[in-house]
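Listed features, source Swiss-Prot:
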ACT_SITE  C380  active site, nucleophile
ACT_SITE  H516  active site
ACT_SITE  E518  active site
BINDING   D71, E139  Mg(2+) binding site
DOMAIN    291-543  domain 'Glutamine amidotransferase type-1'
REGION    1-265  region 'Amidoligase domain'
Amino acid sequence: MTRYIFITGGVVSSLGKGLASAALGALLQARGYKVRLAKLDPYLNVDPGTMSPYQHGEVYVTDDGAETDLDLGHYERFTGVAARRGDNITTGRIYSNVIAKERRGDYLGATVQVIPHVTDQIKDFIGAETTDEDFILCEIGGTVGDIESTPFLEAIRQFGNEVGPENALFIHLTLLPYIPTAGELKTKPTQHSVKELLGMGIQANILLCRADRPIPENERKKIALFCNIRPERVIAALDVDSIYQVPVSYHEEGFDTQVLAYFGLPTEGKPDLSRWTSIVERVRKPQGEVTIAVVGKYTSLLDSYKSLAEALTHGGIANNVKVKLDWIDSEIFEDESAVQRLENVHGILVPGGFGSRGTEGKIRAAQFARERKVPYFGICFGMQMAVIESARNMAGIVDAGSTELGKPGNPVVGLLGLMTEWMRGNSLEKRTEGTDVGGTMRLGTYPAKLVPGSKVAEVYGTTDITERHRHRYEVNVYYKDRLEKVGLLFSGLSPTQLPEIVEIPDHPWFIGVQFHPELKSKPFDPHPLFTSFIKAAIEQSRLV
């Protein structure tokens, strides 16, 4: 029998429901249970694919090509369970499905309403595709009291009643602010949040209280009294130095024990947290430090590059070093003298992005790395900019550019040729300039073949790989021979000969990839490209 755990949040947003869900999933796994995590997002977008990174943060892409919330990245990094399209639903998708059913006549002339039609659609999502999981953890986005979240809260209330309290647990994450002038943690915001949730028919069974210090026993009992919860089920979610310390911290607070006790499951014995204690030890006691410059467009909101930052941390864990990230807006390098800021970094990474703003700065960063022999890692747009730089300054194609940015004389990157169609499984995908923007990129996992003896083949330890993609433009294979003659190697190609990886053999470490390797990296299984990149940065640190 599958059991369901619903995680809601109150008081303020950004308390860490996604991390809390991921950490609980990891703890249940460590006790031998099989888990899956899902996210209900209350916005009206069908998916976050067309949302600004400044508003939403990164878009996390799954193997099956879904553009999803960044919390699914936390789920996958903590549990190792590959996320899928069905693990993230939005209000927009729910309403689209309901309206499509109404147009087909599925409701047989009924007046279509939020209750029961929208809530039924949400419940169908929660219960869909369950196989042999012991637990389904379902995070509800937003904060209790938000208008947008109301249908989701009503749906999980109904769902809990339908499966019975023995199979449904409601966890509420709140904030316990410390007021220095009073010298104490204040419980009133938590009390009001629980009351708001109760007004929607949901009694929280466990309270997870975010705090910067331990909760005194008298305060714990006070919360329990006013929130109608047992004192032992008021759990402190303490601030920690590393997010990978959260599972260990939660276990020490008894979180997983109380979850199992609620369901009447055995609580004896300890979970195997050795992988987490080992990771935390490496994070706390690194043997050195390297500085990586991340030259991007959205550096004022670091959530735009959440998986990337974590993957670099994973590379540091694998090499037992601390990775210090220097976030640089690529626009500053459009002033040629500003590139000197890169003089003392040990590696340069140019991540993905869209549009023309800051592109010349990215090209200049790639040029600096190539000419100064600094390790360079270009991801998606960062690979394309590196190829344009090589075309201009190595092959002499001075008007090389991308059709994404205008109409260059030589479209080294563009929506053209092979990039207008490709195979996905047994179906042919086609794109044109007039295709809708949402959900039409090359998305999800695709295979590639690596050149034997190349740097990337050495890094991967194989010549056959699969990686996740999210892009609309591609390096134009027409220029392949011309660029290879001047020292750029196309070391990875798709089965239909789309360029996937480029490298410069005559360079300590210069690799560009069209895909997003950061999406598959985990703290206990770092992606080989990030491990190798940080290793190269360590070597560079000895030269600077």
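Cβ atoms here come from the backbone N, Cα and C positions, even for glycine.
If you take the C-beta of the residue listed as 'active site, nucleophile' and look for same-chain residues 6 or more apart in sequence within under 8 angstroms, you find P351, G352, G353, R470, H471, V513, Q514, F515, H516. Between the C-alpha atoms of D71 (Mg(2+) binding site) and E518 (active site), the distance comes to 14 Å. In three-state terms derived from DSSP, E139 (Mg(2+) binding site) belongs to an extended strand segment. Under DSSP, H516 (active site) is assigned to coil, being neither helix nor strand in the three-state scheme.
Shown in sequence order, I7, K17, G18, S21, L37, A38, K39, L40, D71 are the residues of the chain, 6+ apart in sequence, with a C-beta less than 8 angstroms from the C-beta of E139 (Mg(2+) binding site). Secondary structure from DSSP puts D71 (Mg(2+) binding site) in a helix.
Using a 10 Å Cβ-Cβ cutoff, E518 (active site) registers 26 neighbours.
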